[in-house]
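Pulled from Swiss-Prot, these are the features on record:
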- GLN183, TYR211, ASN216, GLU232, ASP292: S-adenosyl-L-methionine binding site (BINDING)
- CYS317: active site, nucleophile (ACT_SITE)
- GLU351: active site, proton acceptor (ACT_SITE)
Amino acid sequence: MTFDAARYTAQLQDKVTRLRDLLAPFDAPEPQVFDSPLQNFRLRAEFRLWREGGERHYAMFSQDDKRTPILIEEFPIASQRINQLMPQLKAAWQASAALSHKLFQVEFLTTLAGDAMITLCYHRPLDEHWHTAANKLATDLNVSIIGRSKGKRDVIGHDYVVEKLEVGGRTFSYRQPEGAFTQPNGTVNQKMLNWAYDALGDRPDDLLELYCGNGNFTLPLATRVRKVLATEISKTSVNAALSNLDENAVGNVTLVRLSAEELTEALNEVRPFRRLHGIDLKRYEFSSVFVDPPRAGMDPDTCELTRRFDNILYISCNPETLAANIAQLHDTHRITKCAMFDQFPWTHHMESGVLLTRR
């Protein structure tokens, strides 16, 4: 793969044009464009292992051909830390039967702050020989090691990495757990957080956040408002978010483990939820809602829920479903800010953001 700057610029412009065309029916302003480094931008990577020539190699598969492996010696789109670790880990498993026996998959997770974790997946139980070798590996490479085997997990070091991102002149620390979703492009994620921080602005009242994950947006946005009510359904992400709130001394956020659909029912007083025990929703004075939904976008009921807010800050990983949701809201809200974030260079995927304000 060649990392030609002119080709990247052309692909970036194609994405901007696509977003502009999708939002044209809604009189959207010209999008701000946030580009990506051309290489070493991806903070996580996953490889299968493939035996050839008497040894195991890192391998990936094309979406068009799941049978023929593409052997990988280096992975230029991945972070420099991952590229440093790849040959070191390969040398370690080649030298150790305890590490290599029935090893079939390797996952790397790194951060801009320099932290790293490696997950090793096996088709066998992990014994004391593995633990001895894995402990030495963790020390030699200065990483945490996770061993996975048939639903069991062994942790050497931590089961998370720590990221540090600067937003609005403040550095936030994020605990990112193994197996949980994190934004893969740290540089663009930081740009995205700063755009959302600026777009929301200082508010005298409260913010509702749906799909908060590990608190990626929650931490900086909480500094812009009086109080935040944030929702997330994943237990792993909820625990990480609570830890991140505590680590950063952010004390104005209440986090509840509800889906967006369940919260809609709670706000509409359709039925009570035990997970909301002790939380009086009527004490919140919401004027703004922040949403970062999955690729399917917001379901119609959640979309209708957001309509009751004066300001809708929306981050999307799928511009088609973003446009569909805006079409549902266009009669009451207009786009006042728009942005495109190139989270996924060299692919057709993009991240985008809009601020919708009541007409």
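Positions of Cβ are set from backbone N, Cα and C atoms, glycine also.
Counting every protein chain shown, the Cβ of TYR211 (S-adenosyl-L-methionine binding site) has 21 other Cβ atoms within 10 Å. Under the DSSP three-state reduction, ASP292 (S-adenosyl-L-methionine binding site) is assigned to coil, being neither helix nor strand. Cβ neighbour count for ASN216 (S-adenosyl-L-methionine binding site): 27 (other Cβ atoms within 10 Å of its Cβ, all protein chains included). The two recorded residues, GLU232 (S-adenosyl-L-methionine binding site) and the residue listed as 'active site, nucleophile', show a Cα separation of 17 Å. Around the Cβ of GLN183 (S-adenosyl-L-methionine binding site), a 10 Å sphere holds 25 further Cβ atoms from the protein chains shown. Cα separation, ASP292 (S-adenosyl-L-methionine binding site) to CYS317 (active site, nucleophile), rounded: 8 Å. Ranking the binding-site residues GLN183, TYR211, ASN216 by the distance of their Cα atoms from the Cα of the residue listed as 'active site, nucleophile' places GLN183 first.
Straight-line distance linking the Cα atoms of GLU351 (active site, proton acceptor) and GLN183 (S-adenosyl-L-methionine binding site), rounded to a whole number, equals 11 Å.
The residue listed as 'active site, proton acceptor' falls within a strand segment according to DSSP.
Summary of the S-adenosyl-L-methionine site environment: with the site residues GLN183, TYR211, ASN216, GLU232, ASP292 set aside, the chain residues having Cβ atoms within 8 Å of the Cβ mean position are PHE181, CYS212, GLY213, ASN214, GLY215, PHE217, SER237, ILE315. Cβ-based neighbour count (10 Å, all protein chains) for ASP292 (S-adenosyl-L-methionine binding site) stands at 21.
Classification of GLU232 (S-adenosyl-L-methionine binding site) by DSSP places it in coil, neither helical nor stranded. Once the Cα atoms of GLN183, TYR211, ASN216, GLU232, ASP292, the listed binders of S-adenosyl-L-methionine, are compared pairwise, the greatest separation found is 16 Å.
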